[in-house]
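If you look up Swiss-Prot, you'll see 200-396 marked as domain 'Peptidase M12B'. Annotation source Swiss-Prot lists Ca(2+) 1 binding site at Glu203, Asp287, Cys391, Asn394, citing similarity to another entry. Swiss-Prot lists Asn260, Asn348, Asn374, Asn432 with the feature N-linked glycosylation site, giving sequence analysis as the kind of evidence. Summarising the annotation, Swiss-Prot assigns domain 'Disintegrin' to 404-490 and lists sequence analysis as the type of evidence. Residues annotated as Ca(2+) 2 binding site in Swiss-Prot: Val406, Asn409, Leu411, Glu413, Glu416, Asp419.
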Amino acid sequence: MIQVLLVIICLEAFPYQGSSIILESGNVNDYEVVYPRKVTALSKGAVHPKYEDAMQYEFKVNGEPVVLHLEKNKGLFSEDYSEIHYSPDGREITTYPLVEDHCYYHGRIQNDADSSASISACNGLKGHFKLQGEMYLIEPFKLPDSEAHAVFKYENVEKEDEAPKMCGVTETNWESDEPIKKASLLNLTPEQQAYLDAKKYVEFVVVLDHGMYKKYKDDLDKIKRRIYEIVNTMNEMFIPLNICVALTGLEIWSKGDKINVTSESWFTLILFTNWRGADLLKRKSHDNAQLLTNTDFDGSTIGRAHIGSMCHPYLSVGIIQDYSPVNLLVASTMAHEMGHNLGMHHDNDTCTCGAPSCVMAAAISKDPSKLFSNCSQEYQRKYLIKNRPQCLLNKPLRTDIISPPVCGNELLEVGEECDCGTPENCRDPCCNATTCKLTPGSQCVEGLCCDQCRFRKTGTECRAAKHDCDLPESCTGQSADCPMDDFQRNGHPCQNNNGYCYNGKCPTMENQCIDLVGPKATVAEDSCFKDNQKGNDYGYCRKENGKKIPCEPQDVKCGRLYCNDNSPGQNNPCKCIYFPRNEDRGMVLPGTKCADGKVCSNRHCVDVATAY
């Protein structure tokens, strides 16, 4: 039995001298100082790696001893993980850091079944853990030759801004709860069931704007550590959904922004969407990207994303404001926006996750959550059944996720052609469970273009077109995977020439009126749109430094949207929607037809050929 000395020091005698963003802010009301003691599990004389796969630490919380069990998060980075920043003269600098022996862990508290932890062990212990239903943060002091750490409850961190923080996603034409309740009862085809059962992988890229670079004093290492800690927590949140979020790239706009990052979150999302599809995806293969910005979005918005867009070459993105020094809060927001990409909508009052608030709540709770609700899980399940996004089946473990290959663990790893589990449990005729190689004559195990262990014939449709702006995909005869979901070129006429395709959708004013006002709504007369020349809350085109800029006469149909309600008892032929906390809502969406042959682009009504 190892004798462990645990010391708690009176706070008055131990002024903070560390480097923590949270503690340095002076916003922590109360914390205790502890000395975590590592309890080694390695035998005497064994070679100690720098960061072991599993570790235990003992320390006290509120005078009671706790044992923190940690396991290295081997799914955090992909092997081809790369980092990009820019030199002062604008040159792109790409590096491939060695991340095999990283220091990021998930964990739990001994004898607490409801506990969890996300910890960086790079220089002391930094992160958070849940103990007896309460969230605690732990951070090391920056003191010479000291193992002292601060432990404090999340509730003891004073909030600089008590205003509610909201997700900017505001679609109102969401499906009712009834179909969601029935989603788990659907009769699934064998292919659908196989897709649901397969482990999913999101190859994830984080982009930081120039404001973030300046916020962290041009310190690339400090920025990287923060992102690693955040994604480590994100990764943990998706484990119960059988999804591994693997960081495959980090891009830092150290020279200057690649897009116009503005306080109008919807506009910034559109610009980042276009940049990702036209630029980033061509340089770095990935499934999903998020922009983390220091820009303060208008109103209470702190994030925004496209719903049901995972794997889309443009729309699989989100944008997030770095609004808090608490990594858990930002990680929860990033997980929330990725949840939208995976088909999840906001929770309502009937949704539960066993905590006061869940990840997909529209407003960020004072009690941060790491749990997805039952509604979120059913939304995601229904989205996966209907769309079966193929990029999630790309198994980064084959060449990317760092983990020693073990045949029989049902994870496809380096050197394996398949892995169906142990010989006793494997029922797959395409895979040899003993060797993790394909059986003789087999070409594949699973995929939309795999049928009875063979590739489907060239030209076999594997994904039908969903609407006017989508395109069908067909098997190549050379792969088990259905090709990446593609869509009509931007500017292609859609919905009987009432609109033009834009990033795979057909935005029309009529549909936007129905979404905002109600099922009987129609687009208002042209005269109503003249109010957009006033430059006030109810009529403008753009904002500059918080000031509403009037529309030019030719651009009035690219500002605030005006609708005719047409509901019984309503007599408002020029109705517009204005939300002070989310001013972007109610504006005509980018790509919307504003005249024959013209679309809204950057809040101007321009020729389709000019826009695209």
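Just so it is clear, glycine is given a Cβ too, placed from its N, Cα and C backbone atoms.
The recorded positions considered are Asn260, Asn374, Asn394, Asn409, Asn432; of these, Asn260 has the fewest other C-beta atoms within 10 angstroms of its C-beta.
The binding-site residues considered are Glu203, Glu416, Asp419; of these, Glu416 has the fewest other C-beta atoms within 10 angstroms of its C-beta. Cα to Cα, Asp287 (Ca(2+) 1 binding site) and Glu416 (Ca(2+) 2 binding site) are separated by 22 Å.
When secondary structure is read from DSSP and collapsed to three states, Glu416 (Ca(2+) 2 binding site) falls in the coil class.
Confidence across the domain 'Disintegrin' (404-490), taken as the mean pLDDT and rounded to a whole number, stands at 87. Take the CB of Asn348 (N-linked glycosylation site) and look out to 10 A: across all protein chains shown you find 13 other CB atoms. Asn260 (N-linked glycosylation site) is 47 Å away from Val406 (Ca(2+) 2 binding site) when you measure Cα to Cα. Cα separation, Asn374 (N-linked glycosylation site) to Asn348 (N-linked glycosylation site), rounded: 11 Å. Note: the Cα of Asn432 (N-linked glycosylation site) and the Cα of Asp419 (Ca(2+) 2 binding site) are spaced 8 Å from each other. Every protein chain shown contributes to the tally, and the Cβ of Asp287 (Ca(2+) 1 binding site) ends up with 25 other Cβ atoms within 10 Å. Taking every protein chain shown into account, Cys391, Val406 are the binding-site residues, and of these the Cβ with the most other Cβ atoms within 10 Å belongs to Cys391.
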